[in-house]
Amino acid sequence: MKITALASAILAVAQGALALPARAPALDITLSQVNNTRIKAVVKNSGTEKITFVHLNFFNDPSPVKKVSLYRNATEVEFTGIKQRLRSDGLSNDALTTLAPGATYEDEFDIASTANLTQGGPVTVRTQGFVPIAMNNKIAGYIPYSSNELELEVDAEKAVAVPASIKPLDRRTKITSSCTGNRATVLNTALRNAASIASKAADAASSGSSALFTEYFKSTSGNIRSAVAARLKAVASEASMNGGGSTTYYCSDPYGYCDSNVLAYTLPSTNEVVNCELFYTLQEVTNDCHGQDQATTIIHEFTHAPGVYPPGTEDLGYGYSAATALSTSNALNNADSYALFANGTSSFCVMTAFS
């Protein structure tokens with residue numbers, strides 16, 4: 001029933017590229033094969049002005065993030081790396097890249113480290129999305145990026161030899177032993193708040209202001225509203241389970257991928273959610289319109305987990321400017337669209353078209 005609601009909603013809107021603003025600068029990505037599953041990406045500033053952007057969750061991020069999408073026979077290959085939620089201000093300088101007009105940089109990575117390509121054969125590689133622009137170490141906007149389509153013939157024997165970026169852990173418990181003392185208290189409060197906010201957001205998606213809904217999802221269709229409500233209800237249900245749901249929750253980082261810019265991350269392939277140190281510096285619930293807090297960070301991460309509501313979301317547009325520039329079909333598949341909508345409904349953000 002979950003899949004049907006989302007599938008019918010996506011079929012109800014045009015299947016197309018990301019909605020891009022007029023006259024926007026852009027990054028062009030050229031993908032090429034280095035050796036079997038090892039890929040090189042050349043990132044070029046194709047605009048006329050110097051730009052500084054956040055390269056986390058993007059090319060040059062050393063963590064096993066989703067840099068490209070892989071397809072076999074038009075079906076996307078499951079991603080087995082991590083999806084991070086970043087801080088929106090106070091970004092460290094080492095998270096930023098500056099490119100002059102026409103300038104480039106390169107990144108090499110092995111796609112077999114974050115996807116099971118052991119059966120070999122033809123695989124199509126491509127990518128597109130938005131990357132955040134930074135000013136004064138704060139996310140201040142976005143620029144679109146897109147790549148060529150790269151066709152590979154994967155050698156299965158060589159793909160098997162590539163080590164996975166994420167090593168499996170013992171996941172017998174749902175809220176792990178890392179969640180004790182104050183961190184357990186913080187997590188339980190955050191889960192309760194996330195459940196309440198997601199539930200209210202689900203109601204707003206179903207029957208609230210059409211102008212508010214359109215601000216985030218670019219549609220007033222009943223199917224679209226039902227699909228958004230269904231995912232948010234599933235998130236509210238998961239947050240109410242107190243460890244008995246589909247996700248495994250870590251209050252500290254067992255894999256070593258947190259840094260000073262990452263609030264939390266999710267491993268969609270195993271439905272694991274990890275809080276980083278930065279998570280504990282956030283407010284429980286913010287009153288700032290489109291601000292970050294613990295509750296909506298959990299909402300963001302739970303939408304990534306397919307065990308909560310399949311399929312899990314991507315990070316197609318990060319932050320309010322990028323998320324609200326997405327087409328309907330892409331907003332439905334974007335984690336921050338749900339977190340921002342939930343924040344907007346709970347803190348009564350006033351939209352320009354609010355009715």
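Including glycine, each Cβ sits where the backbone N, Cα and C put it.
These come from Swiss-Prot:
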SIGNAL    1-19  signal peptide
DISULFID  CYS179-CYS251  disulfide bond
DISULFID  CYS258-CYS276  disulfide bond
BINDING   HIS300, HIS304, ASP315  Zn(2+) binding site
ACT_SITE  GLU301  active site
Inquiry  = Neighbours of the Zn(2+) site HIS300, HIS304, ASP315: Cβ within 8 Å of the Cβ centroid, same chain, sequence order.
reply    = LYS83, GLN84, ARG85, THR266, GLU301, THR303, THR313, GLU314, ASN334, ALA335, ASP336, ALA339
Message = Validating a neighbour-count step here. Other CB atoms within 10 A of the CB of CYS251 (disulfide bond): how many?
response = 22
Query = Counting across all protein chains shown, how many other Cβ atoms sit within 10 Å of the Cβ of HIS300 (Zn(2+) binding site)?
reply = 29
Request  = Identify which of the recorded positions GLU301, ASP315 has its Cβ surrounded by the largest number of other Cβ atoms within 10 Å, counting every protein chain shown.
outcome  = GLU301
For CYS276 (disulfide bond): intrachain residues, at least 6 apart, with Cβ closer than 8 Å = ASP253, CYS258, ASP259, VAL262, LEU263, ALA264, TYR265
Note = Smallest Cα-Cα separation from the residue listed as 'active site' among the recorded positions CYS179, CYS251, ASP315 is shown by ASP315
Request  = Would you kindly give the Cα-Cα distance separating ASP315 (Zn(2+) binding site) and CYS251 (disulfide bond), rounded to the nearest Å?
outcome  = 22
Message = Under a three-state reading of DSSP, tell me whether ASP315 (Zn(2+) binding site) is helix, strand or coil.
response = coil
Message = With Cβ-Cβ distance below 8 Å and at least 6 positions apart along the chain, what are the contacts of HIS304 (Zn(2+) binding site)? List them in sequence order.
response = LYS83, THR266, PRO268, GLY312, THR313, ALA335
Key: Same-chain residues at least 6 apart in sequence whose Cβ lies under 8 Å from CYS179 (disulfide bond)   = LEU187, TYR249, TYR250, CYS251
Query = Including all protein chains shown, what's the count of other C-beta atoms within 10 A of the C-beta of CYS258 (disulfide bond)?
reply = 22
